[in-house]
Amino acid sequence: MDLSVIVPTFNEGPNVAELVRRTTDALADRAVEVIFVDDSTDDTPDIIRAVAAAASIPVRLIHRDDPVGGLGGAVVEGIKAAASDRCVVMDGDLQHPPEVIADLLARAELGDVDVVVASRYVAGGTSDGLANAVRTMVSRASTLLTKSMFPKKLHNCSDPMTGFFLVDRSALEVETLQPRGFKILLEILARKQMRIAEVPFSFAPRFAGESKASFSQGMRFLLQLTMLRFGRMSAFALVGGLGAVANLAIMWGLQTVGVQYIIAAVIASVVTIVANFLALEYLVFADMRAESGLMRHRFIKSFTFNGVEAIVRIPVIWVLVSQAHIQSVVAAGLTLIAAFVVRFVFHALVVYAPKKSRIGKAARAIEPLEDEVTA
Ligand code: GDD
Ligand code: MN
């Protein structure tokens, strides 16, 4: 096998036959397989099976009932299952022209790189197929942001957000990848310094169906960036920081309509405690939820902690305001900062502690956290 082509699909039925046809034609003189890693909720798997039966190259289907990690998770699964170490990842909607695979392969065969990126932003490439001006701007801006966060690792990559690339699996530590959502190439490039080459390509309009990108994918991406760059503790800090700002804003708002500052602080705390918990559940500790028991129990622990914290914090605010004559909002801010570290440690090691019955996995999940906490 010269090459495995991995295609993540979510409800892409009408594109399957055309994709296999063009891939077969473009790589006629090569031993190539296509692996569809499918999370569809429609009849796409049946269509893939039918196309596979008629194809002249091996076409495999991995259908996932539990779509862990979304698009990125699907890609990682495909990389693990591939017959060849040379893996091409390509979208299933023909926005990535299969003919470009030949260019990727030819570049990889020079033998001096680990990853060949099909780039929209290198001479000869275009991004005309992006749905509209807003998506083009979002894509450009997030590319810049990402490159500025990883100036060294992404130095040779003009398009870290592309979903079209070739990777040499032997250069990867597949087990260390933590795919979240759409940006799997970024995950691969950010983990370890890769030798990167690029070939240009023109991002085509979709052949059929519609895009699965969304605002929530965008938020997931921002979180992924934060996690990759600073680890879980900073994602926690980001959430906590936003919570603190909201807390102060609510307090200030209530005081301007005449609510006494102690009462205002209590209300602001309750509102932000609940919002914070939801952000921790679905963003910061999303990957640990499955193993750490019932959400209700976590909420009780988290709520109790925050309640105790607030109860301790409010007398401290009172002391700071009435004895040390610090302005009330500033005093509240100071106590929020002090509470942050304790709160992170408690959540990482207590609230999201894996259940004992699965201690093997548990130990693995907690280790990196412990390192972070220790650091
Ligand atoms: N298995 C699986 N699971 N596949 C998925 C999922 C999922 O949860 N979500 C989307 N896909 C598949 C789609 O079926 C498609 O084959 C491919 O992933 C890309 O999804 P699109 O919905 O077509 O995304 P896009 O065109 O908006 O985004 C593409 O271009 C971006 C660059 O502008 C993707 O390649 C992105 O990764 C890329 O960043
Ligand atoms: Mn697409």
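Each position is counted from 1, following the chain as shown.
From the backbone N, Cα and C atoms, a Cβ is placed for every residue, glycine too.
Please treat TrEMBL annotations as automatic predictions, because they have not gone through curation.
For 4-173, the entry in TrEMBL reads domain 'Glycosyltransferase 2-like'. As annotated by TrEMBL, domain 'GtrA/DPMS transmembrane' applies to 236-351. What TrEMBL lists as transmembrane segment is 235-255, 261-283, 303-321, 327-352.
Confidence in the domain 'Glycosyltransferase 2-like' (4-173), given as mean pLDDT, stands at 92.
Within its own chain, the transmembrane segment (303-321) has Cβ neighbours under 8 Å at 261-262, 265-266, 269, 273, 276-277, 327-328, 331-332, 334-336, 339, 342-343, 346-347, 350-351, counting only residues six or more beyond its boundaries. Listed as Cβ neighbours of the transmembrane segment (261-283) (distance under 8 Å, sequence separation of 6 or more from its ends, same chain) are residues 219, 223, 235-236, 239-240, 242-244, 246-248, 250-251, 254-255, 289, 295, 298-299, 302-303, 306-307, 310, 313-314, 317-318, 321, 328, 332, 347, 351.
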